[in-house]
Structure formats: structure tokens, C-alpha cells
Amino acid sequence: MAITSLRRIRAKTVRSAVASVALGERLPNAAYVATGALLLFSLSLILFPSQDSSASRELAGKATCKVCHGRALLGLRSFVLLLFTLSGVMPWLKNKIIPQIVDRKQFEASFNLDKYYGFAAQILYHFVLSGCFATAIYTSDNTLYHLATLAEPAYCTFDILLLLFTGVSFTHWQLKPLLVHHTISCACCHALMYGIPESMYGKLLQLVFHLSSGFCLGIANLLQTPSLKLSTLQRLWLQVVSMMFWAATRVGLVFLLGICTLMDAARIHPAQYRQVMVELNAAAIGSFAFVVIKTPIITRALQEAIQESLGKGRRVTRVHERS
């Protein structure tokens, strides 16, 4: 009876995984379509601007950060401070704190611990920023929002400098995804901080970016942690959840919030909304390019998990038949 129940659960999970693989194979094309739709929507807003800007003038400049006061040079000062802070905190987490929590001895000698601990530190970083954005949305604290927004380009700059000077980035990424990541962060930062700082959709957009990254990277690290002793079925289920969450947030939610943020740009900042639109579109293109780069990796891992689960299922069946 227990074997039959396990077979049903396994079969249902495998069907979900196969559907997730099919979704993953189509997701890059969906990212291309979303990019084109956002560009066309931006073009329509530029060609046919809204004439009612009285409410926009009242909103413009209302929400000001106490740190930079809407001035780029003061924002640059905060950026440099964050760059130096993250350059110290991130390696400290990677080399000192996380190894005390996740024991090195459980991993095989050939395992890339440097990459694993780097991603673990980055996961913590993403969840901390998610908390900052959620708090900023709840409290309408623009200073916290600005500092959290500046943290991402500061981290990306640290990561690229580390790659250039040492030959190895913090999480062992290559230059292409790092530059794509940097494009998203810098374009988002300038557009949302100085263009439309009072846009709720801009805040939600950044929350989605960090939450989805932290969640999916967290699952990837969990799957590699031997001490958790995850079963084949649990590993498969986690990868299905990761793919579904990735698709829903990084394509679905990012597209919807992108449309709403572009509308806010035209409404809130009529004087400079064309510049803001260019920056937001650069961020959107970078984000969807990241989906195109990352999704095949998640899909391939999911396919391998399906094969492993099917092989395990056949072995269990043979043992049951013999007994």
C-alpha cells in the first residue's frame, strides 16, 4: 500500500516536472516577447503623451531621500560608502560566518566550496534587501528605499572589480552575466531613485527582483547541501517549485510591474520621463536577457532530476517485485 502511494506521488511530481521543463523551454521566447511588448508600450507613451500633468507636478520632488536629497553627487557618496561596506561584509560572510554554519567536512574534496559559500552570502544579501524593500513599501521610508536601491549597483561594481583584479568573481560568474546584472541594477537605480522615487510599482519591482533571486538561489544551494539528506522526490519537487517561481516572478510579475512602472514614469515625471523610459527599458532588456541566460541552466538541472527520479522509481519497483 505504501509503495503504491509513493508511486502515485512520484508520478504526479514527475508530471509536474515534465510540464515545468516544457515551460522552461518556452520561457526564453516569452522573455523576448515581453521585451518587445514593453518597448512598444514605451514607444506608444512617448508618441502619445498624456496632457494632464497638473497632478504630476505636485508629485514630482515630493519624496526626497534624506541622504542624497535628490542630488546625484550626494547619491554617489552613498554609493561609494555602500561599495566599501559590501566589499568588507560579503567576503566576511563568505569566508568566516557561513562556513561556521554549514560545515566544510560534509562536502567532497572536489566540490567547489568557494562558489557554494559565495552564493550562500549572496542569498542572505538578497533576502536582507527584500526585507528592506518590504519595509520601505510598508512605511513609505524613501531613505531606506534609496539606500537599498543603491546597494545593488554597489554590489555589482564590487563583483566586477573582484573579477578584473583576481580573475574570479564573488560567485564564480562569468563577465557576460555580471555585465547584464550591472546593466539592470544601474539603469533601475537611476530611473527609480531620481526619476520616479514615489512609484509604488518601482519599489515592488525591486522587491520581486531580489526575492526571486534569493528564493531560486536558495533552492539551488539547498540541493547541494549533503547534510540535509534530501530524497530524490524532494529534490525534484524543490526544482519544480524553483522553475515555477522563476517563471511567475521574473517573466510574469516583472512584465506586469514593468508596464505599471512605465505608466508611472509618464504620469509622475513629465519633464524627464523620456530619459526615465530609456533607463527602465534598459533595465527590462537586461532582466529578460538574464532570464534567457539563466533559464536553460534551471531547465537542464530539472531534466537531470527527472531522469534520476525515474531511475530511482524503477529500482524501487524491481525491489518490490522481488520481495
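Just so it is clear, glycine is given a Cβ too, placed from its N, Cα and C backbone atoms.
Curation does not apply to TrEMBL; its annotations are automatic.
The annotation transmembrane segment is assigned in TrEMBL to 30-48 (among others).
The annotation transmembrane segment is assigned in TrEMBL to 72-93 (among others).
Sequence annotations record features per position, and here TrEMBL assigns transmembrane segment to 116-138 (among others).
The feature transmembrane segment is assigned by TrEMBL to 150-173 (among others). If one looks beyond the transmembrane segment (150-173) by at least 6 residues along the same chain, the residues whose Cβ comes under 8 Å of a Cβ in the stretch are 75, 78-79, 82-83, 85-87, 90-91, 94, 112, 114-115, 118-119, 121-122, 125, 129, 132, 179, 181-182, 185-186, 188-189, 193, 206, 210.
The annotation transmembrane segment is assigned in TrEMBL to 179-197 (among others).
For 204-223 (among others), the entry in TrEMBL reads transmembrane segment.
Residues annotated as transmembrane segment in TrEMBL: 243-264 (among others).
Sequence annotations record features per position, and here TrEMBL assigns transmembrane segment to 276-293 (among others). With a threshold of 8 Å between CB atoms, the same-chain residues lying at least 6 positions outside the transmembrane segment (276-293) that come near it are 27-28, 31-32, 34-35, 38-39, 42, 45-46, 176-177, 180-181, 183-184, 187-188, 190-191, 195-196, 209, 246, 250-251, 254, 258, 261-262, 265-266, 269.
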Tertiary contacts of the transmembrane segment (204-223), as residues 6+ beyond its ends and Cβ separation under 8 Å: 116, 119-120, 122-123, 126-127, 129-130, 133-134, 137, 148-149, 152, 184, 188, 192, 230, 235, 238-239, 241-242, 245-246, 249-250, 253-254, 257-258, 261, 287, 298, 301
Of 30-48, 72-93, 116-138, whichever stretch has the most CB pairs under 8 A to the transmembrane segment (243-264): 30-48
Residues from the same chain, set at least six apart from the ends of the transmembrane segment (72-93), whose C-beta lies under 8 A from its own: 65, 120-122, 124-125, 146-147, 150-151, 153-155, 157-158, 170, 193-194
